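Annotation comment: TrEMBL describes 11-430 as domain 'Enolpyruvate transferase'. If you look up TrEMBL, you'll see Lys23, Ser24, Arg28, Ser169, Gln171, Asp322, Lys349 marked as 3-phosphoshikimate binding site. According to TrEMBL, the phosphoenolpyruvate binding site annotation covers Lys23, Gly96, Arg124, Gln171, Arg353, Arg397. Per TrEMBL, active site, proton acceptor is recorded for Asp322.
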Amino acid sequence: MTVLRSAAAAGPLAGDLTVPGDKSISHRALMLGSLAIGETVIEGLLEGEDVLRTAVAMRQLGAEVAHRADGTWQVRGVGVGALVEPAQVLDMGNAGTGARLLMGVVAAHPITAFFTGDASLVRRPMARVMNPLRQMGARFMARAGDRLPLGLEGAATPLPISYRLPVASAQVKSAILLAGLNTAGRTTVIEPEPTRDHTELMLRHFGATVTVEDGADGRVVSLTGQPELVGRPVLVPGDPSSAAFPIVAALLVEGSDVLVRNVGLNPLRTGLLTTLQEMGAAITVENGRIQAGEPVGDLRVRGTGPLKGVTVPAERAPSMIDEYPVLACLAALARGRTIMHGLGELRVKESDRLTAVAEGLASCGVSVTVDGDTLIVEGDGLAPAGGGHIATRLDHRIAMAFLVLGLATRAPVTIDDDEAIGTSFPGFVGLLNGIGAHIAPIVEGAGGHGTEGAMTA
Ligand SMILES: O=C(O)C1=C[C@@H](OP(=O)(O)O)[C@@H](O)[C@H](O)C1
Ligand SMILES: C=C(OP(=O)(O)O)C(=O)O
């Protein structure tokens with residue numbers, strides 16, 4: 001555990017950088033590679049703690065997963081329906097995606113597995129995946145409130161279901177589709193609001209038949225069960241949710257000019273870019289291309305001074321759900337009020353992000369209100385006081401969002417623990433400092449929150 005401090009940069013941020021691979025796509029590549037026959041080579045896999053937990057779990061379930069000398073990952077799968085019962089508990093660490101998607105995979109295998117996670121993950125709701133998986137025939141032994149740790153007895157003969165999502169969640173959709181893989185017949189998920197479609201795209205990439213139609217009730221996704229999946233190469237683009245941090249940093253520090261290369265631009269993930277453009281941000285997409293079925297581009301971001309406050313509609317939330325903490329930090333320096341609607345899901349992430357963002361911004365002298373599921377941040381175009389000491393609550397996005405805010409506040413911002421950052425963005429501090437940010441560890445016990453130590457990022 002290291003206490004970190006970020007302070008206003010001496011000058012504008014400048015240079016180019018590449019963020020690590022997409023977390024959502026990385027989890028899915030390891031899982032589908034493990035269910036395919038033959039070899040899957042994954043290039044650009046996110047080597048963050050969350051994804052490494054999935055790699056270990058897939059090995060425990062019988063797949064061969066190897067990190068090769070050239071930096072790629074090689075998976076030798078067992079085929080749909082052929083995972084083996086794990087001898088040890090599957091510890092998914094901090095990862096909601098890893099836990100929920102893998103529960104879907106195991107639910108349609110005739111095996112029993114036990115799942116657990118860290119102090120954050122055991123507080124998060126699992127009923128949202130357990131309920132549809134129960135309908136498919138899986139059985140659970142869980143604590144009150146359907147939380148981890150839990151035991152899951154997969155169905156020997158799983159039943160196909162048609163399920164309308166009660167919450168907009170790509171994790172729930174994906175858990176059901178992954179269970180549908182080893183289920184005879186068609187498994188259907190209806191989502192009233194579209195969520196990220198990496199599972200659908202990758203299922204097709206590995207040879208499954210997935211149809212997507214617009215129905216009266218929303219987007220209807222159907223999978224034909226028991227396909228033979230065949231190992232395929234996977235090229236993972238940079239994670240737009242990670243790119244959000246250097247992008248916002250460049251917008252916060254006037255005069256910055258930063259190029260973020262190789263960012264995934266799947267339209268179901270680009271709500272933040274839409275919002276930033278509405279706020280007046282100078283962002284251009286260069287070198288737009290399709291890479292392994294996913295749109296990708298390089299983003300040039302210029303800090304041209306204060307942006308304007310906007311209203312972000314609730315229906316945009318699924319396409320930028322993980323980006324609200326850093327958007328709220330940017331809004332603190334915008335001119336006027338930024339109103340973000342439809343944020344109920346933020347309460348059940350790695351921490352209660354609505355509360356964490358509101359308390360953190362208030363401690364930095366920013367005027368902020370939570371009204372039900374709406375977050376309102378007031379800015380006057382000037383640098384906030386800063387000086388807050390942020391409780392990161394095992395939440396990587398809270399840690400990174402407030403370190404970015406500290407680059408533009410009058411007094412430095414500190415976070416109490418940098419460890420969570422490694423779940424999604426290993427190398428974050430080094431990359432940000434590489435373009436001119438000032439983020440440094442603090443030596444505890446040297447007065448106040450300590451003094452700045454040697455930079456080791
Ligand atoms: O499917 C995924 O890979 C994810 C879906 C989102 O969660 P929900 O499905 O809970 O909205 C997102 O917050 C998470 O970081 C990754
Ligand atoms: C919510 C997140 O991830 P997960 O649900 O996988 O823990 C996130 O990365 O912001």
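Backbone N, Cα and C atoms are what each Cβ position is placed from, and that goes for glycine too.
Bear in mind that the values here come from a model prediction, so they are computed numbers and not experimental data.
Locations of recorded TrEMBL features on the structure.
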residue: Lys23; record: 3-phosphoshikimate binding site; DSSP (3 states): helix
residue: Arg28; record: 3-phosphoshikimate binding site; DSSP (3 states): helix
residue: Gly96; record: phosphoenolpyruvate binding site; DSSP (3 states): helix
residue: Arg124; record: phosphoenolpyruvate binding site; DSSP (3 states): coil
residue: Ser169; record: 3-phosphoshikimate binding site; DSSP (3 states): coil
residue: Asp322; record: 3-phosphoshikimate binding site; DSSP (3 states): helix
residue: Lys349; record: 3-phosphoshikimate binding site; DSSP (3 states): coil
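Between the CA atoms of Gln171 (3-phosphoshikimate binding site) and Gly96 (phosphoenolpyruvate binding site) there is a gap of 8 Å. Here the candidates are the binding-site residues Gly96, Arg124, Arg353, Arg397. The one whose C-alpha lies nearest to that of Asp322 (3-phosphoshikimate binding site) is Arg397. Under 6 Å, Cβ to nearest atom of ligand 2: this is the test, and of the binding-site residues Ser24, Arg124, Lys349 it is passed by Lys349. It is Ser24 that, of the binding-site residues Ser24, Ser169, Gln171, has its Cβ surrounded by the most other Cβ atoms within 10 Å. Looking only at the binding-site residues Arg124, Lys349, Arg353, Arg397, the densest Cβ neighbourhood within 10 Å occurs at Arg397. Among the binding-site residues Ser24, Arg28, Arg124, Ser169, Gln171, Arg353, the residues whose Cβ sits under 6 Å from any atom of ligand 1 are Ser24, Ser169, Gln171. Ranking the binding-site residues Lys23, Ser24, Arg28, Ser169, Lys349 by Cα distance from Arg124 (phosphoenolpyruvate binding site) puts Lys349 first. Under a cutoff of 8 A between CB atoms, and with a sequence separation of 6+ in the same chain, the neighbours of Gly96 (phosphoenolpyruvate binding site) are Leu121, Arg124, Gln171, Lys349, Glu350. The full span of the recorded phosphoenolpyruvate binding residues, Lys23, Gly96, Arg124, Gln171, Arg353, Arg397, taken as their largest Cα to Cα distance, is 19 Å. DSSP classifies Arg397 (phosphoenolpyruvate binding site) as helix under the three-state reduction. For Arg353 (phosphoenolpyruvate binding site), the nearest of the binding-site residues Lys23, Arg28, Ser169 in terms of C-alpha separation is Ser169. Counted within 10 Å of its Cβ, the other Cβ atoms near Arg28 (3-phosphoshikimate binding site) come to 25, all protein chains included.
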